[in-house]
Amino acid sequence: MTKKLYKIAVLPGDGIGPEIIQEAYKIIDVLQKKFSFNVKMHEYDIGGISIDKHGTALTQETIEGCENSDAILFGSVGGSKWDHLPEIEKPEKAGLLKLRKHFNLFANIRPCKLSQHLLDISPLKNSIIKKGIDLICIRELTGGIYFGKSNKITNIDDPYAFDTEIYFRSEIKRIAKIAFQIAQSRKKKIVSIDKANVLKSSILWRDTVNKMAYKFPNVKLEHMYIDNATMELIKNPSSFDVILCSNLFGDIISDECAAIIGSIGLLPSASLNKSGFGLYEPAGGSAPNIAGKTIANPIAQILSLSMLLKYSLHLPFLSSCIDEAVHEALVKKYMTMDISKNPQNFLKTNEIGDKISDLLAKKA
């Protein structure tokens, strides 16, 4: 193992964030002791806790700390405590979204995997998921309807509101390229999601993706309307490999993936820019209703660390070791409350972190 020193900015945030980050620290500790992983970590405030301590959800200190790091390991932000704030000052928008914008993190990568040994976790029938699920959702993260012109007019007899979806070809092109590159290392199959029978932005999306496909002749491309895709994902999830989506459609599809495998607590995610710098976080939110109860599922946080090692630090072996340890833990039925079939028999947050750490240590 190389002795190169890696730097990770750790942003625990709010809610369950600090709890599940602690379990990721256990994994890093094993990597340091057993695999000679040389890393320096530094924690920074973000979100609600940053508002409470510094008056803003994202401080210059946090931004600079992230700039001086190789990657960001992120917990979660938000909670009812800050709901009274104006929209632009809330932890999510003023913290996480601002951070994504600052680093131009345009590509969201969210794996969705459920092995044949764990079919009982999924709410779907075994006959539907008997082959297991192994897909990855690639979502454009900085364009589309969430960033287009919008307004709400209420001081008239018939109030109205509007949102505008805008996509530049360059935005579509760069996310499509990442999807095709990832597909090349998998089953060489992409399903691109759009609504090209209705939306002009989707027509441009489809045309751009088609043009990108010419550069990757060994990858099979299929287009699917969003309404049909949501249905097919339930009917035959094992037929999907790489799913390419706009911001809005990716928001929908990626959460459907969480439902299919049984818990959003199992889904990690990566948000990358063109240089490979990334922010890695669980797909779920801050879950303030369970914060402090030691029942949060830390697996998504641990798998987010695995993605960080793979995509930003380019250490695929260490990433694979973590993935295998998590898989073994689930096969052994080490489960948190959200995925346990027996509500009286489950492991606490710290307990499953210990189990996964022990399994990882045995791989050294």
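Glycine residues also receive a Cβ, built from the backbone N, Cα and C atoms like all the rest.
Here the structure is a predicted model, which means the values were calculated and not measured.
According to Swiss-Prot, the protein carries these features:
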BINDING   79-92, 285-297  NAD(+) binding site
BINDING   Arg100, Arg110, Arg139, Asp227  substrate binding site
SITE      Tyr146  site 'Important for catalysis'
SITE      Lys195  site 'Important for catalysis'
BINDING   Asp227, Asp251, Asp255  Mg(2+) binding site
Shortest C-alpha distance to Asp227 (substrate binding site) - which of the recorded positions Glu87, Tyr146, Lys195, Asp255, Ala291: Lys195
Cα-Cα distance maximum in Å, computed over every pair in Arg100, Arg110, Arg139, Asp227 that the record assigns to substrate: 28
Assigned element (helix, strand, coil) containing Ala287 (NAD(+) binding site), judged by DSSP: coil
Binding-site residues compared (Ala287, Ile295) - the one with the fewest other Cβ atoms within 10 Å: Ile295
Residues flanking the Mg(2+) site, with Cβ no more than 8 Å from the Cβ centroid of Asp227, Asp251, Asp255 and excluding those residues themselves: Ile226, Thr230, Leu248, Phe249, Gly250, Ile252, Ile253, Ser254, Glu256
Recorded positions clustered about Arg139 (substrate binding site) [Cα within 10 Å; pool: Glu87, Tyr146, Asp251]: Asp251
Candidate nearest Glu87 (NAD(+) binding site) in space, where candidates are the recorded positions Arg100, Tyr146, Lys195, Asp255 and distance is Cα-Cα: Tyr146
Rounded Cα separation (Å) that holds between Asp83 (NAD(+) binding site) and Asp251 (Mg(2+) binding site): 22
Fewest Cβ neighbours within 10 Å, where candidates are the binding-site residues Gly79, Pro91: Gly79
